[in-house]
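*Asks:* Pasting a structure here, questions to come.
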Amino acid sequence: MELKWFFYEFTVNIIEALLAYNMLKIFFRRKIENNLKISLIIFFQAGIVQLINLYFGIASYYGLLILIIINILIYYFILEGNLMLLILSIIIYMDLLCFIEILSVKILTFFLNITPDVMINENIYRIIGVIISRGFIYISIIFLRNKKLKNKKINKYIYEFIIIFIINLFFIFIVFNIYKQNKFIERYWMLLEIITFSIIIFTIEIIKIFKHMTDYCNKEIEWSLKESEYKTQINYVKSMHELIFKLKAQRHDFNHHISCICGLLEMNQTDEAIEYIKQINSDIREIDNIVTINNVVIESILNYKLSYAKNQNIKLGVDIHIPENLIIKSVDISILLGNAIDNAIEACKGLEEKFINMEIYSKHKYLIIKISNSKRNKIIKENKQYKTTKHDKENHGFGLKNIKYIVDSYEGLLKIDESENKFTINIALKNED
């Protein structure tokens, strides 16, 4: 290989590595902030691809397998997310790369009247093909990014997707290897055309199915949120009924209390009268709201959940400041807080020292929510995801997913800190258009 083609191939590999990184950012929220680290990773990947192509040749099955494994190992320790989603996203990128590559070959061979094997050689046609294919890949990534694919919940069918995309990638590589053999193309060109167009159609159908399934999974999460919203409204109505009942009961008993206190004082039973007044005062305090804010929906869910926590003898520390210019839907915040407080109450059960501390405030363009609670057991993590330890795993699992879904919906951030006796969930929701 001439030196100029060596640098050409290396440049193409750098572009492909950059495209791969941008593709992965669609699926994963965490990004590499250090530009030097990004550059080192990109150059390392480009160098690996260069060595693979030199040793195994272009469109090698072994080379493809090694490249996929190396990408998985690199990004598994860098990006937040589970392993299977990482494998799927890398396989999808490889599928997209090869699909657009084969599509570009068909377009150029048709308009330039050349055979596919010509584009494997070191010539101008190969350069044109690379420019067209990488341009289409970049446009495709921009399109997928605008679709906000990271908000799609596809874990339910992730294994099926991986298998389908791997099979499709395998067939595309078969066509690439056939293109390298000019004699086969000349003898079975019609068969090759049929196979090529079949793979193109099959790939398009796979992409359509993938879109439909991700939309379905997304709808499933949305229905779960609707259910949580409905439960929130029921709790609000229930708490209002309880409040009205207590107010009516206290109004009805007011004259009785006055008469009883007067009787005790007339008999010089001062201590008993004071104790009686304290008891009445204690009952009245139960009616008082734990928090009072300028948002009735959020206030109702907080008072309902925190009142329950208080009845469980959990010490509460509350510092809440909801901004007036709140763009985030109150229902979404209520669902998020409801699930987070439920998890905190559950973690406090059975502990001698029980506490829940909550902070909500606005900082720059974000609404910050911090909820910490006492705990005893170590929180289980699987594939970098926190798992519920509650008995009702299906419903509580949905609670954790609901929190993550709402955070993603508002382009927010979710961070969990854990010490020996304390668990803290930190949430930042984007509060701007």
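Backbone N, Cα and C atoms are what each Cβ position is placed from, and that goes for glycine too.
Remember, predicted model here, so these are calculated numbers, not experimental data.
Under the heading transmembrane segment, TrEMBL lists 6-24, 36-55, 61-78, 85-112, 124-145, 157-176, 188-210. Summarising the annotation, TrEMBL assigns domain 'SpoOB alpha-helical' to 235-290. Annotation source TrEMBL lists domain 'Sensor histidine kinase NatK-like C-terminal' at 329-429.
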*Asks:* Give the one range among 6-24, 61-78, 85-112, 124-145 whose Cβ atoms make the most pairs under 8 Å with those of the transmembrane segment (157-176).
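*Replies:* Comparing 6-24, 61-78, 85-112, 124-145: 85-112 has the most Cβ pairs near the transmembrane segment (157-176).
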*Asks:* Below 8 Å between Cβ atoms, which of the listed ranges 6-24, 61-78, 85-112, 124-145 makes the most pairs with the transmembrane segment (36-55)?
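*Replies:* Maximum Cβ contact count belongs to 6-24.
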*Asks:* Report, as numbers and ranges, which residues of the same chain sit near the transmembrane segment (6-24): CB under 8 Å and 6 or more residues beyond its ends.
*Replies:* 38, 41-43, 45-47, 49-50, 53, 71, 75, 79, 86, 89-90, 92-93, 96-97, 127, 130, 134, 137-138, 141, 144-145
*Asks:* Mind checking which residues of the chain, 6+ beyond the ends of the transmembrane segment (61-78), have their Cβ under 8 Å from one of its Cβ atoms?
*Replies:* 20, 24, 30, 32, 41, 44-45, 48-49, 52-53, 55, 86-87, 90-91, 94, 169, 173
*Asks:* Excluding the flanking five residues on each side, which residues at least 6 beyond the ends of the transmembrane segment (85-112) place their CB within less than 8 Å of a CB in that stretch?
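*Replies:* Long-range Cβ neighbours of the transmembrane segment (85-112): 16, 19-20, 23-24, 26-28, 64, 67-68, 71-72, 75-76, 79, 119, 125, 128-129, 132-133, 136-137, 140, 154-155, 158, 161-162, 165-166, 168-169, 172-173, 175-176, 179, 196, 199-200, 203, 206, 210.
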*Asks:* The domain 'SpoOB alpha-helical' (235-290): mean pLDDT?
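*Replies:* A mean pLDDT of 69 is what the model gives the domain 'SpoOB alpha-helical' (235-290).
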